[in-house]
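A.B. asks: Here it is, the structure in full.
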Amino acid sequence: MSNYHPHSHPHALSHPHPQQVHNQLQNPHQNQLPPPQRHNHAAPTAAASASGAPSSSASASASASILVAHPPQPLISNSLAIRQEIQRFESVHPSIYAIYELIDLLPMADAQIAQSIRDHVVCIEDSFVNSQEWTISRSVPDLRLGIVGSLNSGKSALVHRYLTGSYMQEESPEGGRFKKEVFIDGQSYLLLIRDEGGAPEMQFAGWVDAVIFVFSLENEGSFNTVYNYYTKMAHFRNGQEIPMILVGTQDAISERNPRVIDDTRARKLASDLKRCSYYETCATYGLNVERVFQDACQKILSQRLPLPPQVQPARPTTPQGNRLGLAPYQAPTNGQRGQQQLPLRMSADFAQAEQKLWSLQAASSSTINENNNITKYNPGAANSLQGDCSQVQLRDPRDLAPPPGKELPTPTSTPTTSRKSRRRSNLFIPSSSKKADKEKEPKSSELGSGRSIPIKQGYLYKRSSKSLNKEWKKKYVTLCDDGRLTYHPSLHDYMDDVHGKEIPLQYVTVKVPGQKPRGSKSIITNSALTSSLMANGQRAQNTLSDGIGCLTLAKDNQRKLSEKLSLLGAGSIAAGAGGEPLKSNSSQQTSGDEGIAMSNSNSQTFIAGEVANAGNKLEAQTPNVKKRHRRMKSSSVKANEADDNDGYEFYIVSLDSKQWHFEAANSEERDEWVAAVEQEIFKSLQSIESSKTKQATSTDLAAMLAIRQRVPGNGFCVDCGAPNPEWASLNLGVLMCIECSGVHRNLGSHISKVRSLGLDDWPSPHLSVMLAIGNSLANSVWESNTRQRVKPTSQASREDKERWVRSKYEAKEFLTPLGNGSSAHPSPSPGQQLIEAVIRADIKSIVSILANCPSEVTNANVSARDVRTPLLLACAIGNLAIAQLLIWNGANIKHTDHEGRTCLAYARAAQSLATAKSIKAAAAAQAGTTIPAPAPPTNGGIPAPQYNVEDTTALVELLEGLGCPEAAPLTASGTLPRRRDTLGTPYEKSVSGVI
């Protein structure tokens, strides 16, 4: 048994003898000692002094006596907690001795069992002795996270998924305690997770740094429990001090248990909890699980960030000797900055060091670069800070300043406080005109580098497109002159050209919430201007300026009224300006005294510019503008309140109903972005005007046609036989009807990744899988043994189709198991069979093996010495479809072979071979010669790799996008490394030969 000395604490009791423990077990009411009550109050702690601090004018002895005589409530609470912890700690040792006594009472026949129990108790004892409080370094930071929720909330599955990466359906009634290492901003932290089995108590509320409230989206009771638990926690601790996260779990949602808590109610609860984020998670396939805990850790660290000291007005005080001083310290409570007074006995040296520390922190925080919106250094502020801290300093702060005649050293790097406060000469003050010109220039920190400067750029908030967690995130948005709108997470990502996304502007329009489309806004015009317009059509056309569809009405060459039009209104403006107004489908009442009417093709379009007759000057334009705004906002909400409610948002809508929501800082910035985007949309439409009449013969349309017609079985739904399916499952490689696609979505994306043939994007890897498998091949695997069950038809009910689909893909009832061979000739392992199928490019065998085996089979090695995996072999032969299938089924893209080469290195080698082959074929075609056909395969019938430039290039891009590392560098070893030829190195033979 290990040496066990936990009772070195002054409150500790002596160790009881085993016989005493045995006697206590027999007579539990004897020899029971009361809890220790001895407490030394002669030197109160800082925390205790803070709670009951006397005034600064009181003497030190009087203050100490007051604290001892009447301990405040925080001191009582801390004392009680300390005594309870001591009792808990001391109760372990007698219990362990009691277990040893009971083990000794076991008969000799059970000696082996007794020894096994003794060994386990020793392990428990060692773990207790070496617990975190005695062993871990003080420099290791910890994060305390609490998880609360009802028994059927799904919190245990959420924690289990985060810790293990797997799904556990059973709920743990007693909760649990867990530890995990997390990395945040490159720093390692010890995360302590406390899964509370019941309602939060006082101890739990005082322990946590953050709380996650969990409820199930299909259980009303778990949702109401969150309210009760939050109310109970509020009795023990201020909710404003604790970061909170609300999580709704989707694990129990099914056809029988539909969702009952909609998104609106959940977000209402999150807003009621204050400072609370809301997520919807699914522990079954890991949706948002990592994100929830990462956000909780970030919130804890944000709560702990020290706030810079706030400068207070100088209050002169008389320094005293060794007394109970008042040291200002930061109290980051409720997100507000403020100073509190901490009673603390200070010596003169400590007071002087403390004063210097606060002065340096204030100076460093006030000299940050102005681009970070921190004010310049103010010497008066520093003096006031010194005055505020002078109540604990024993020397005049002027004694710390250098002599007046001594010149300060000139720094060579960033300007310091002293350098900024030095007097400058008036000889080289820049002129005001140059300074104004310099201010007009854009700051270099606000512009991207490395590329041409876009038309418009800046930070906007973008709403997440995920339906489960629609939140606003700050993005760096750029509007390019080639008809693209790009956005990146930050300016640095834009400068590095990483993590960016783009929106092509050829087939989109821009809208502002709460406003009608810009082409449908109208200002009703005087009908008398119609004849003038037709007579002066050319002159009216000349007034179109300033961007897309901007209409300018010049009055006395000074007053102008501009109305921006949408793209749909541009065509009608041109028609109207040509001299003939377009007829409206709806009648409009005109007042007969107004200026211009602008609308789209559904109403009259009149344009009144600088009309030739100057006598027709109109004075009543402004009232119509107000009328137009009243029509635009027909509700009782004021026009100036509409912008506030909309939040200065605008959104871009594409032809396939995709939307990108953005939000600007104010209405002016939003209007600038909308106008700039409209201008680029107009330019993009003009640039493709000549190509509109051409036939649509793009690669995507050809690929879609090939998927429908060339792949066997794709003319009908894979599960019910409905004709002309329009939906697909990517990882299964099949087409299905819209009703079966809904069933596939309910299975989860880990079983079936559903996409639309006509609405979604189809990158090359997805197309290659669809072209390689198809409905006929997939059904030959997934329906190879239907056990005489009748397949539903297209007229069958949805319930019948769902039962068939779940039995087919989820339960895998119709699969034929892999053959084991005979005892004399056993079949290879599934991993070796998969390697064999990859080398032969046998798609059917690959689909069958992946369907029958767990994901670990995708990382099998060729042999003990040849550690190549199926993914490495697929990349070596440049097979894009097989590589994508393996990646979807859990293949490790970071695995390296025995020489440190990754799958990306193999893919690049295949790309080089494909490029060389293509160049050779092009040269032969230009020379008029023919390339001899390759010799038939001689190595067991293995087909020669057919390297294709498009497929290998797409494979390289796929691996790069997934973050696959480059080839690992060679490490020093005791033997010479093998030659690093790309594919010419003689590898060990696999089951079927050598690649």
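Every residue gets a Cβ built from N, Cα and C, even glycine.
Dumping what Swiss-Prot says about this protein:
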type	residues	note
COMPBIAS	1-14	compositional bias 'Basic residues'
COMPBIAS	15-32	compositional bias 'Low complexity'
COMPBIAS	42-56	compositional bias 'Low complexity'
REGION	137-340	region 'Small GTPase-like'
BINDING	149-156, 193-197, 249-252	GTP binding site
COMPBIAS	409-418	compositional bias 'Low complexity'
DOMAIN	453-682	domain 'PH'
ZN_FING	717-740	zinc finger
REPEAT	866-898	repeat 'ANK'
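I'm curious about the neighbourhood of these features; can you describe it?
C.D. replies: Around LYS155 (GTP binding site), the same-chain residues at least 6 positions away in sequence with a Cβ under 8 Å from its Cβ are ILE147, VAL148, GLY149, GLU171, ASP195, ILE212, VAL214, THR249.
The average pLDDT computed for the domain 'PH' (453-682) is 58.
Taking H, G and I as helix, E and B as strand and the rest as coil, DSSP gives the zinc finger (717-740) the counts 3 helix, 7 strand, 14 coil.
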A.B. asks: What is the one among the binding-site residues GLY149, GLY197 whose Cβ has the most other Cβ atoms less than or equal to 10 Å away?
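C.D. replies: Answer returned by the neighbour count: GLY149.
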A.B. asks: For the zinc finger (717-740), could you work out the same-chain residues 6 or more beyond its ends whose Cβ comes under 8 Å from its Cβ atoms?
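C.D. replies: Result: 707-708, 752-758, 766, 769-770, 772-775, 777-779, 782, 791-794, 796, 798, 801, 804-805, 808-809, 847, 885, 888-889.
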A.B. asks: Let's check the environment of ASP251 (GTP binding site): how many other CB atoms sit within 10 Å of its CB?
C.D. replies: 22
A.B. asks: List the helix, strand and coil residue totals of the repeat 'ANK' (866-898) as derived from DSSP.
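C.D. replies: Its residues fall into 16 helix, 0 strand, 17 coil.
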A.B. asks: Return the residues near ASN152 (GTP binding site) by Cβ distance under 8 Å, restricted to its own chain and a separation of at least 6 in sequence.
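C.D. replies: Sequence-distant Cβ neighbours: GLU171, SER216, ASN219, GLY221, SER222, ALA252.
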A.B. asks: Including all protein chains displayed, how many Cβ atoms other than that of ARG194 (GTP binding site) lie within 10 Å of its Cβ?
C.D. replies: 19
A.B. asks: If H, G and I count as helix, E and B as strand, and all else as coil, what does DSSP give for ARG194 (GTP binding site)?
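C.D. replies: The residue in question, ARG194 (GTP binding site), is strand (DSSP, three-state).
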